[in-house]
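Enquirer: Below is a structure I'd like to ask you about.
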Amino acid sequence: MFGCLVAGRLVQAAPQQVAEDKFVFDLPDYENINHVVVFMLGTIPFPDGMGGSVYFCYPDQSGMAVWQLLGFVTNEKPSAIFKISGLKSGKGSQHPFGAMNLPQTPSVAQIGISVELLENLAQQTPVASAAVSSVDSFTEFTQKMLDNFYNFASSFAVTQAQMTPNPSEAFIPANVVLKWYENFQRRLTQNPLFWKT
């Protein structure tokens, strides 16, 4: 029903079923994992009105299991990417795996999936830093750079009446910069790699 993927590793498609409605994947050498993808295999959908809460579990310094809610998967949202690199020192949250005493070893973490009612999923609050931005860092950098350039160039804008003649200086109308800015933003939205062609 579920799969788990870590970049550079084989796909895990056979979770350990620890209860009728709970599944776990082991993540060996978890200290070197930044992101994990949890997805439905497409073979068995959730029953109507059900979805899966996705948890990250790692051993704290005393070896106790610390569980953190990452998010969820549903029939309508069958896959999700979670950033776990910043969670390894965070606080735990309420979880449905407590009574199971899953075995923990110092270098192995786990991804847990708990099948629950969709209305319960809607009331849960995942760890904020687990969400992966839908905008990649290059696109985000480019947007910030465009904003910065436009704001910088606009700060020098003067009206025609304020201009003093200076034959050695060229002037670019502000509306030309604005048009370039809007065109570049539109092209970046359509294809973030358009500049490579």
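Counting begins at 1 with the first residue displayed.
Here the Cβ of each residue, glycine as well, is placed from N, Cα and C on the backbone.
Quick paste from TrEMBL:
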type	residues	note
DOMAIN	6-130	domain 'Hikeshi-like N-terminal'
DOMAIN	136-196	domain 'Hikeshi-like C-terminal'
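I'd like to know what surrounds each of these features in this structure.
Expert: The average pLDDT computed for the domain 'Hikeshi-like N-terminal' (6-130) is 83.
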Enquirer: Per DSSP, what is the residue count of the domain 'Hikeshi-like N-terminal' (6-130) in each of helix, strand and coil?
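Expert: Final tally across the stretch: 14 helix, 53 strand, 58 coil.
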